[in-house]
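Undergrad: Below is a structure I'd like to ask you about.
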Amino acid sequence: MKTLLLCVGLLLSWERGQVLGDQLVSDNELQEMSTQGSKYIDREIQNAVKGVQEIKTLIEKTNEERKTLLSVLEEAKKNKEDALNETRDSETKLKAFPEVCNETMMALWEECKPCLKQTCMKFYARVCRSGSGLVGRQLEEFLNQSSPFYFWINGDRIDSLLENDRQQSHVLDVMQDSFNRATGIMDELFQDRFFTHKPQDTFYHSPFSYFRRPPLHYAKSRLVRNIMPLSLYGPLNFQDMFQPFFEMIHQAQQAMDVHLHSPAYQTPNVEFITGGPDDRAVCKEIRHNSTGCLRMKDQCAKCQEILSVDCSANNPSQNQLRQELNDSLRLAEELTKRYNELLQSYQWKMLNTSSLLDQPNEQFNWVSQLANLTQGPDQYYLRVSTVTSHTSESEAPSRVTEVVVKLFDSDPITITIPEEVSRDNPKFMETVAEKALQEYRKKKRVE
């Protein structure tokens, strides 16, 4: 009978959360432990706010760097387009001349085409693989419709430059649009009084304390979405404060990410323009319009002879124009490559900005998830329910303290504290709260 009464007594003590070995933990002690743990959670919430403000500073710095790079990019774009215009002008003037050396070039072209087709199809079958039959028919038609004069003036290189220019302009427009929408959202966000007014340290104390801080009334924000409509000195209200913020962060990141990994966003590769290897780009161009096959002219002697045909004896002016065309073409290719390098740098800057927007979600999103909590009369967001002490089950047994807490809306969380951190240690509840918050964040990430 005594044993039964003892078990009932222990169970009742456990239910009231007052067991620590043989020593009772009073309600006042549990309350004080809850207060100390809640203060740590409060500091972590304030750190989340500071962290977001640091992200704001980084984004502003990145934006200034982006503007500088954009200025360089615009200048490079102008130089490239000037060179392209000169190339097109020279091409137009050259086409206006009657075709000279026509018989010589046509004879060489008839010998060039079979070699070019064979070389291209071997490459396609080995590297590109899919759809060789269709590509072969398209190539046959393309070569029959092409002129050796087009070949002679490097028309394929000119067309590639023009197509590349179109793609580069599109990529830049997409990046600018996505960045402008993202920064517009961020500007709206950081204009809110939540970020523009800071509490004075002399008046600040924990929102978990018993006393309300005196209210300070600010003019209502012009934002439709107000992040913190109540006083900064009132108790924390997660629904009003954090949820709208993280929704806007998510919107800003979506505005940038919508195009970041799409094919339209990828900068065109120009290595093949100046002779560099880029098999994927060549495969794509061959499938698109067969002009990629013309890049293999160096492997066919008769094709090379077409490029070497000298018509200056028949028309010196035409030869001079061709030289001007080749010079402007080389310059345009160099400037196009340089512009593409700058465009890729700009793209990396944009990706870096997107990753900065991701940091608040990674580090502080747990705070926004508190928005669904019911703000009840309970002033504690970490409440200690039980404290027990026993010997650990390990190869080297030692005394440990187990603390069961509820953090926000969580199920009970059991935290084990080694004997090195005694309950009298000022760091005891900070350690408990830190481990509880780690468990809480881990579970929220899984959910």
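From the backbone N, Cα and C atoms, a Cβ is placed for every residue, glycine too.
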Undergrad: Tell me which range among 391-395, 441-445 Swiss-Prot lists as motif 'Nuclear localization signal'.
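TA: Going through 391-395, 441-445 one by one, Swiss-Prot gives motif 'Nuclear localization signal' for 441-445.
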Undergrad: Using Swiss-Prot as the reference, determine which range in 77-80, 89-92, 145-148 is annotated motif 'Nuclear localization signal'.
TA: 77-80
Undergrad: Spatially, and counting Cα to Cα, which of the glycosylation sites is closest to N144 (N-linked glycosylation site)? Options: N102, N289, N326.
TA: N289
Undergrad: Counting across all protein chains shown, how many other Cβ atoms sit within 10 Å of the Cβ of N102 (N-linked glycosylation site)?
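TA: Excluding its own Cβ, N102 (N-linked glycosylation site) sees 13 Cβ atoms within 10 Å.
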Undergrad: Measuring CA to CA, name the entry from the recorded positions N85, N102, S132, N289, N352 that ends up nearest N326 (N-linked glycosylation site).
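TA: For N326 (N-linked glycosylation site), the closest Cα among N85, N102, S132, N289, N352 is found at N85.
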Undergrad: Counting other Cβ atoms within 10 Å of each residue's Cβ, which of the recorded positions S132, N144, N289 comes out lowest?
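TA: If we count Cβ atoms within 10 Å for the recorded positions S132, N144, N289, the smallest count is at N144.
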